[in-house]
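Here the structure is laid out as structure tokens; the discussion comes afterwards.
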């Protein structure tokens, strides 16, 4: 079993000293403004959530079913899965743009592609056009979903990073709420605008991001890595230190970024996809990242996320009004419980949340399965309209309660930690590529879910839930032995120190040695690794083999 508490080292103690007596309330002054900027990144997650809830709602609308011929089985699976397929196609390109052109430009490109897809989807005239537009939306979303969380975790204030990056994936439900209540409001419309209006509103988050993205600063880590140290220092000074260039936090963050990048360059001469699987530390990361990506979609949630109408049909709730109302209430419940999980990240720790979440899902899914089996056995006699006669309503209500309890457990960890845990355990140099692998795994599992679940539900009915119950038991055992706690004894760890938890004692010792070298002053360049050519060594932006390096002086104009 992995250790649950990280022993503090020199850097963590220094961070604690710098933060002592500092006002770090999230809503105050420059930190409040920074968190508003961060929310613009968080909005990316709304598009993912909007799509799942919109497709749930559209399947209950007579106008949508009549227009597209009431798709079922494999065709219905393609309707839902095609956006994830678009994401799979787009993801291999996204890391190149993210690392080459920066996080903001990658988000800008993604938003543009999504808006084109949304406009065409709203104007869809046939099945093929609707499916093709959803593919385009997924392709653009791949760029946004890779860039937004990396920018968010690299831009957030150090002590806010855990909760605010956890809010990213939790905000999936904010999009699902908008979609659920929009379809609830339009299901009474008898024209195609009953489904075109929800389709049109899918582009709202992208439109807001497109208008405001260049008011968001670039990642300081990306700027330092591309030799733009002065710009990085201005970002840290303005957004983390309220414009005070003499704040010791400026030098601390700047030097920790430089030293971490230097160590990563020494460990990995080049950043390729093979780098993700070359070292023991990276293998340790990837076995967790790929697993939680598949677990996030293969925990039984795919049935409700995209096929709630089929699940509700199975317990006798068949009217469009009832189904869209339950969908709307469920999404509000999900947002509240997901935000609760996000706020508990730095208090309870990552490992306890993962285990409580999966354990709770296992218990509630077992309850769900039993109640659904009881209901199914009691609902064998149907009237002329196909409604069950003499069905066990208590068992049906038990299924509905189990769905809500299941999502409360799911949202403690699976929603807030899927993205935030991934980006915080990945070092900068492989962060984009590692996040791409995670997103690719999520999309692959989604395609399987979205295509297979409607077919399996038709064939197995409620017995499909037994499969997911057994799978949840496996998930609990796997995570028990692989999840590493990334919370320090006194609060959140810096990203650079989390890397040492996976890369071992050698990296920890080197970081500590770098911190100790601060008192001895700058060292020479003679020990720089082979990654540094003569031009780099001559550059003023070359990271020194020390933790402390005086930031470049800023002019009066640059300070302001």
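Placed from the backbone N, Cα and C atoms, the Cβ positions cover glycine too.
Residues or ranges marked as domain 'Major facilitator superfamily (MFS) profile' in TrEMBL: 37-487. Residues or ranges marked as region 'Disordered' by TrEMBL: 514-536. According to TrEMBL, the feature transmembrane segment maps to 26-47, 67-93, 135-155, 167-187, 288-308, 328-345, 352-375, 395-413, 464-481.
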Same chain, outside the transmembrane segment (464-481) by at least 6, Cβ under 8 Å from its Cβ: which residues? 1-2, 291-292, 295, 298-300, 303, 354-355, 358-359, 361-362, 365-366, 368-369, 372, 453, 456-457
Highest Cβ pair tally under 8 Å against the transmembrane segment (328-345), stretches 26-47, 135-155, 167-187, 288-308, lands on 167-187
If you count Cβ pairs under 8 Å, which stretch among 26-47, 167-187, 352-375 touches the transmembrane segment (135-155) the most? 26-47
Give, as a single whole number between 0 and 100, the mean pLDDT over the domain 'Major facilitator superfamily (MFS) profile' (37-487). 89
